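Q: Have a look at the structure that comes next, please.
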Amino acid sequence: MEPGNKLHRQWTAALVATIGLFIMGMFLGWPSPTLQTLSSIKSPVHLTPDQISWMVSVLYIGSTLSPMPTGWMIDNFGRKTTMLLLSSVAIASWLFLIFVQNPMGIYIARFLGGMWGGSAYTVAPIYLCEIAEAKVRGALNSVFILMAYNGIMYEYAIGPVVSFTTLSVLSAAIPILFVLCMVWIPESPYYYLMKQNRKSAAKALAWLRCKTVNDVEDELKVIETSVMADMKNKGRLSDLLATPGNRKALVTAEVLAALQRMSGISVIMAYASTALPQTGILTPNTCAIIMCFVWIVVGVWSTILVDKLGRRPLLAISCAGCAVATGIVGTWFYLDSNTDFDARQITWFAFFGFLLYAVFFPVGLGCVPSMIQGEMFPANIRGLASGVTSTLISLTSFITNKMYQSIGDLTGLYLNYWIFAVSCVFGVYFSLYHVIETRNKTLEEIQYELSVRTEKSEQNETKSALI
C-alpha cells in the first residue's frame, strides 16, 4: 500500500462515526427553518412564543440527561456498540415528528433528539482520539464539528422548501444510513485493551493503520502499557479530582465547554431565521444558509490548521473574533430597540456580525473543546469525563436558549450578544494562559505532560505560599 494511502481507513472510520454528529447538527438546525411555520396560526401544529421557547430548549434537557449513562455504556459495551444501540433514539425522534404532530409530540421528539445529541457528543470525541495517529488526530477531530455544520445546513437548505412531514422523513433517513455504515468500522483498540482482549485490539489497530498485526505490535505495546496503568484505578467520579493532572484536565475541559456555548452558538443555530434581520433582497432564511455555508468552508480549513498551528493559538484567535462579532450584533440590536436611530437602514451591519461569527467560531471554539474532551483524560476515566463535559455543554446550552427570549423581552436582545462577547473575551485569556498545547502529541505523551507539569506547578505554588 502506498504511504500516502495509509491514513484513509482512519479517515473512513472518522467520517462514518461523525455521521452521528451530522444527525446532532440536524436536531440543532431543525428549529430555524420550521419556526415561521410553527408560529403561524395556519400551521397544523401552531405553537405560542412560550411553547416555541420550550420546543427549542427541551432538546438540551434530553442532552443533559444522556451523557452520564452514555459514559458508563462506552466503558462497558464499547464505543461502537454504544453508538449503534443509541441510534434507535435518533430514529424514534424523527418518527415522532412524522406521526405525532401536536405540541407534546414535538416536545418528546426534541427531548429524544437531545438524548442522541448528548450521547453523540460524549462518544465521538473519545472514539476519534483513540483511533487516530497523533499527526492527524486534530484533523480527524475537526471533522467532528464539521459534520455537525453539515447537518445544520441540511435542515437550513431543505426545511424552507419542503413540508413539515417531508422534512422529518428526509431527516429520518440519515440515522438509518448511519447504522448501515457503522457496522463496518472497527471498535476502538483502547476499549479492547481495557477489556484485556489483545487479539481484537491488534486486529482493529492493524485495520486502522493499513498494516499487518505484526507491524502494529510496537504501537500496540505502548497503548497497552498506558491503558493497563490507567486501569489500575477503577474510574470513579472521585478519580476526576484524584491527581493534579486529572484536575487540570477537568478544569480545562469544563471551562472550554462552557465557553463554547456561552459564545452564543446554540442560540445562533436555533434562532438564525428569526434573529437575522431582512437584509436587502436576502431573506433571513437565505442569510442563515449563507452563514452555515461559511461555517462549513472555514471548518474544512480548520481541519488543516489545527495540526499545523496548534490548538491554543487557534482557540485564542477564535475567541477574539467571536467577541468582536457578537459585540457588533449586540450593538445593532441596541440601536434598533433602544435608540431613535433607524437601524433597519444598516441591516447589513448585523449580517456582517453574524458572518464574522461564522468565520471565527469554527477556527477554534468549534473544534478545540471536543478535542480536549477526548485527549486530556486517562483511559479509565475518559468515558466518565466525557459524560461530565457533555452534560455541562447541554446544561449551558439549555440556559442560553431558554433565557434568550426572556432577556430579550426584559431588556432587549442586544444584552444576550453582549454577554456572549464578554464570555469570548474571557476565553482569549483562558486559552493563552491555561490551555496546554497537545498538537502532534500522543495520548500517552499528553498524560505524562499533564501529570508531571501540573504536579510541579502545584508544588511550586505550595512552596510560594509557605514562603
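Yeah, the Cβs are placed from backbone N, Cα and C, and that goes for glycine too.
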Q: TrEMBL lists transmembrane segment for one of the ranges 233-253, 380-400, 443-463; which is that range?
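A: Comparing 233-253, 380-400, 443-463 with TrEMBL, transmembrane segment matches 380-400.
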Q: Under 8 Å, at least three CB pairs between the transmembrane segment (81-100) and the transmembrane segment (12-32) (pairs 6 or more apart)?
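A: Contact between the transmembrane segment (81-100) and the transmembrane segment (12-32): present.
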Q: Test of understanding: applying the rule of at least three C-beta pairs under 8 Å (pairs 6 or more apart in sequence), is the transmembrane segment (12-32) touching the transmembrane segment (346-368)?
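A: Not in contact, no.
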